[in-house]
Every structure is written in C-alpha cells, then in structure tokens.
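Feature annotations, reproduced from Swiss-Prot:
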- 11-16, 60-63, 98-107, Glu133: FMN binding site (BINDING)
- Arg349, Arg380, Met381, Phe382, Ser383, Gly412, Val413, Cys414, Thr415, Trp589: FAD binding site (BINDING)
- Thr452, Ser507, Arg508: NADP(+) binding site (BINDING)
- 5-151: domain 'Flavodoxin-like' (DOMAIN)
- 202-439: domain 'FAD-binding FR-type' (DOMAIN)
Amino acid sequence: MTGEITILYGSETGNAEEYAKYLKQRLRSYNLKPINLASLDDYPLKRLVTHTSYLIIICSTTGQGEIPRNGKKFMKFILKKKLPSDLFQHLQLTTFGVGDSSYVKYNYAIKKIHTRLMQLGCQLLSPRCEADEISPEGVDGYYIEWEAELIAALLNKFPSASKISSEAVPMPEYRISVSKSDTTIDPKEVIDNPIVSRLGKDGLKLGTVLENNRLTSSNHFQDVRDFKFSSNGLNYLPGDTVSLFPCNFDEDVDALLQSQPQWLKIADKPLNLKNFPHLEGGFADILTLRTLFKYHLDIMSIPRRSFFALLWHFVDPSTEDGEREQEKLKEFGSLDEPEELYDYANRPRRSILETLLEFENNLTIPVSYILDLFPLIRPRMFSIASCPSSKEVELVVAIVEYKTIIRKIRRGVCTRWLKNLKPGDQFLFSIQRSSFKYKDDNSPIIMVAPGTGIAPMKSLIDEVIQNNSKQELYLFFGCRFKEKDNLIESFWHGNENQNLHLVSAYSRDSNSKYRYVQDALFAHSELIGKLLIEQNAKVFVCGSSGKMPREVKITFVEIVKKFTGMDEGDAQKYIIGLEDNGRYKEDAW
C-alpha cells in the first residue's frame, strides 16, 4: 500500500465535482500527496485495492435518489453480493453529500455509498457529512466544518505534512503545450473534426436538425422550442433523456483570445495534450487553442471558487491596481468570505469570460494551466417528448434568457446554441435510460406537469395513443397564460382521444378556473381519490424543482385524507408507500 489519498466524486451538474476539485487544492496546500482526483466511474477500481489508503467521496443525488451518471458503474460494482466483507479493510473513508432537503430522497446517493463501503470493511477517517443546500448556512457551511475535521485527521496520519506558502503556484495537473513547428491550422478546414472524431465514443451519435420552432407566442417572455432531429438506430422509451453537446460562439472565443495577447499569437497552432481530463465523448482529434475553447472548455458559466483559487496566482501585483486585483481574486477563491464570491459571481450571474475581461490588464495565464483553470463544457440533458422512434427525437426546450440585477442579459450556454440551430445542422448527442419508467398494465396514470415538465408526459401520452391502449390518462398541466404558453394546445389541439383527460391551470389569467396545478388536483379530489385508492393509479410529477413538487405532494396527502378519512400521519405514510412501490414518481430539475 502506497498511502495514496484518493478523492472521488459523483456529480450531475458540477457542484460535487467543484467541491472535490477545491478539496484537492486545499490538500495540496498542506503538501499532502500523492492525491488522485477522478469521478467514481473513471478511477480504476483495482487501484482502490492496490494503492489507495485514504478514500474521500463527494457525491450529489439526482432523480429519484439516484447516483449521478458518472458514478453508476462504481455503485453497480460495490453492490455485488459476492464481494468479501474485508475487501476494503485497508481503506480509511470519509464522505460528503451535496444535497437538498426539499427532495424526499435527500442525500440518498451518498448514504448508500457510505453504508455499502463500510459493509465492505472501510474504517472511518473523519465524520461523514450530508450538506443541505437550502439550509441557512448552505453547502459551504457544512463543507467548512467537514473539511476542517478531515484535514486534522490527515495531518495526524501525515505528521511531516505542513502548510506551504500560499504564494507558491501549484504545478499543473494536465500537460498541454503548443507545437513548436510553424504549422497553423485553418479553423474552416477542421470544422467537422470535433464532431466526426468523437462519434461512437461513450455512445455519442450524430443528429440532424429537422425543426426548431417556437411554441410560445412571440409576445411571451419565455421562448419555448419544439426541437426535432433525426438520427439512425435510435432506441428509447418514455422517460428517457437526451444529452446535447453544445459549443461556444466564435465571437466569445475571439474575445477570450484577445484578452490574452500571448494566446492570440498561437491560437491556431496544433496543441500537444497529455494526461487529458475525462470528457464524455473525449476531445477532438485535431486541437488548437481556438478549437479547444470553442468545443471543449466552458467560458460562459459562472466561475467557481476553485477557478479563483488558481487564477489569482497569474495576476501581476507590481502595480497598485494589480495588487488590489490579486487580493480581490484571492478572496473569491477562499472560504473565509463566501459572500464576496456570491456577490461578485453568483448574484449577477457573471461569466468566466466577463471575469477575465475585467481583470485582463494585469492577468497573464500560462497555456500550461488552461486545462486546470477552465471547466469542461458539460452535455445538457433534456427529457424526450416524442413517442419511441428509431429515426426521430423531439424535445421541448425552454430557452434560458434573462436580465440580472445589473441589467445584463444572460443566456444559457446550451439553449443559446440550440436556439441558433437550423434545419440541416448537425450535432452530437447521446441517449440515457431513465428510472422514470412507464408500464402498460391498464392502471390509470395521473400526470402533473407544469411548463416544460410536459415533455416526458407527451412521450408517454403519444405512445399510449399510438398503441391504441385502453389505459386512462389524466394530465394536469400548468402554465402562465392560456393564449401565450399553453403547450398542450400545441400538442393536442381539439383532443378527441377518449382516454386522455386534460385539465389546465393558468397562473396569470385572472379568469382561470384554477391558478396552479395543485388547485386543479384538489378540485378533482373525488376523482383522484377513486383513481388512487380503488383503481391503483400511478402518479407522475414532472417539472421544476423547488416548491411545485412539495406542494403537489402535500395536495395528494390532503386528497387522501379527504377521500379516506385518514389522519395526517397515515395519509403521509400512504403517499410514501406509493413512492416505495413505484406508484408515485417525481422527475424535477
């Protein structure tokens, strides 16, 4: 055993990964090494047995208490019944869950991982922690306390370790350099390479845009798209999702390169990369700084703490302005003043590009640190809205565009890219199976779907109709206005299918019969009570996370109380029982 420290993360949106990256920076500042960092699925399991002594896992929970996609293989392995109970007896373990207590299966993933690893012989390194994002202290508050206990435990194991100077620039993790030859690559000549060279890797397929039409009225603030594309050999079911792989816009990449003159001079020279970070689908075969920033590195997301913790090292403090800017960036990269980072980056939704442009006068970033500094562009997931087809996919996508408190327009990286796609354009995508499954057993289905939550419900409804099933479907849909964002009017105008029962709520129409979906549900208490209690109906709830899923569940509890005469406790247990039996499912994002 070599005494290695291994940090593994399971992350769907990047939050858990960010804490893992930041923790590695913090441990390196104590000269603790070697330290490995990888997703749960990317780290070789054999090394956990042969090299790792101290295992740190940071993991979020997604969907119905599920492990993030980059941790599913790891979870499948450790759940094998034939594994010996002393397999990991050499490992000392601590875990950190990134969660939100508004979800029923709060921090469920890290609980499962921690419990199973302890069953396989792990010893406790420092106390586990389950952070709650909606608590007053937020995830940071939990993390600070957990990290302090972890570092104290590790320093006890490594008595020779000590805090090194904060001024020392850490060595880059990834090896990137510019070719010394005089060769330059014309971006127009390799425009297809980032797509073609990645096809087939990690299940990536080629999609061709068929339609990209606006569903909402032109005078409505929200642009919602009906996005259809074709491909070959498709295999999906209602509830499955598509991951789209967007890219940055040329004007943004140009602005970034111009902010660092030393980059602009070599922007189209071939790059030499070794020790790549993991990226779903891999990197393009032909890379320059320009193509790396366009197709692989996220320059439009909000900069995170680990970004600033490295960035401040590259500011020239020889002038008064430089010294002040370096100090400011250092504060943003520290946990000592978390509100400073929030006010600068999160509150105004400031992008990485905007940050670099603001500090460009005193900032010189070495090429060798680019992969350490910039996050990777993540694929974005969308629920499939079409009934199963081997040739086509339909998505319902809300375009992210809004003004911040500083009156600047912000646009989502993926939806801005998607909005500009035209029929015939090609792009990369992959399909993921979901636990949100439909089974035609003739029992009724109650569907609750405000806004774009309609997408997976549309897939299900269209399949039932196409198969001429006798299954009764009850859809409770919510939006703001009947005439502006009434998506079901676009999909089932003049519905004549006797199996499909539509009820709509319009929150901003003063003459609407129901304001919210929960109002419509409660108004149909007698019907829903009969469907649930007497006909074993299933309930599917889809849409934005937050208040909606919680209030819908409370409404179902009230309906059960009203229909059966149960008290509050028994009605809650009944709904929990439906969840445990797979008859009540939520898909919130």
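Placement of Cβ uses the backbone N, Cα and C atoms for every residue, glycine included.
Fair warning: this is a prediction, and the values are worked out from it, not measured in the lab.
Positions of the features from Swiss-Prot, shown on the structure.
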residue : record               : DSSP (3 states)
Gly14   : FMN binding site     : coil
Ser60   : FMN binding site     : strand
Tyr106  : FMN binding site     : coil
Met381  : FAD binding site     : strand
Val413  : FAD binding site     : helix
Thr452  : NADP(+) binding site : helix
Ser507  : NADP(+) binding site : coil
Determine the minimum-neighbour residue: among Arg349, Arg508, listed as binding-site residues, which Cβ has the fewest other Cβ atoms within 10 angstroms? Arg508
Have a look at the binding-site residues (Ser11, Ser60, Ser383, Ser507) and report the one with the fewest Cβ neighbours inside 10 Å. Ser507
Residue, out of the binding-site residues Tyr103, Tyr106, whose Cβ gathers the largest set of other Cβ atoms within 10 Å: Tyr103
Looking at the binding-site residues Ser11, Gly14, Tyr106, Ser507, which has the shortest Cα distance to Val413 (FAD binding site)? Gly14
Which of these binding-site residues is closest to Tyr106 (FMN binding site) if you go by CA atoms: Met381, Thr415, Ser507? Met381
Mean predicted confidence [pLDDT] for the domain 'FAD-binding FR-type' (202-439): 93
Among Arg349, Arg380, Met381, Phe382, Ser383, Gly412, Val413, Cys414, Thr415, Trp589, recorded FAD binders, what is the largest CA to CA distance in Å? 25
Would you count the other CB atoms within 10 A of the CB of Asp100 (FMN binding site), including those on all shown protein chains? 17
Say we define neighbours as other CB atoms within 10 Å of the CB. Which of the binding-site residues Met381, Val413 has the fewest? Met381
Which entry in the list of binding-site residues, Thr415, Thr452, has its Cβ near the fewest other Cβ atoms, using 10 Å as the limit? Thr415
Taking the Cβ of Gly63 (FMN binding site) as the centre, count every other Cβ atom within 10 Å, in any protein chain shown. 22
Per DSSP, the domain 'Flavodoxin-like' (5-151) contains 56 helix, 36 strand, 55 coil
According to DSSP, which of helix, strand or coil covers Arg349 (FAD binding site)? coil
Sorted by position, what residues of the same chain at least six away from Gly14 (FMN binding site) have a C-beta under 8 A from it? Arg304, Pro375, Arg378
How long is the line from the C-alpha of Arg508 (NADP(+) binding site) to the C-alpha of Thr415 (FAD binding site), rounded to the nearest angstrom? 25
Using C-alpha atoms, which one of the binding-site residues Gly63, Tyr103, Met381 comes nearest to Thr452 (NADP(+) binding site)? Met381
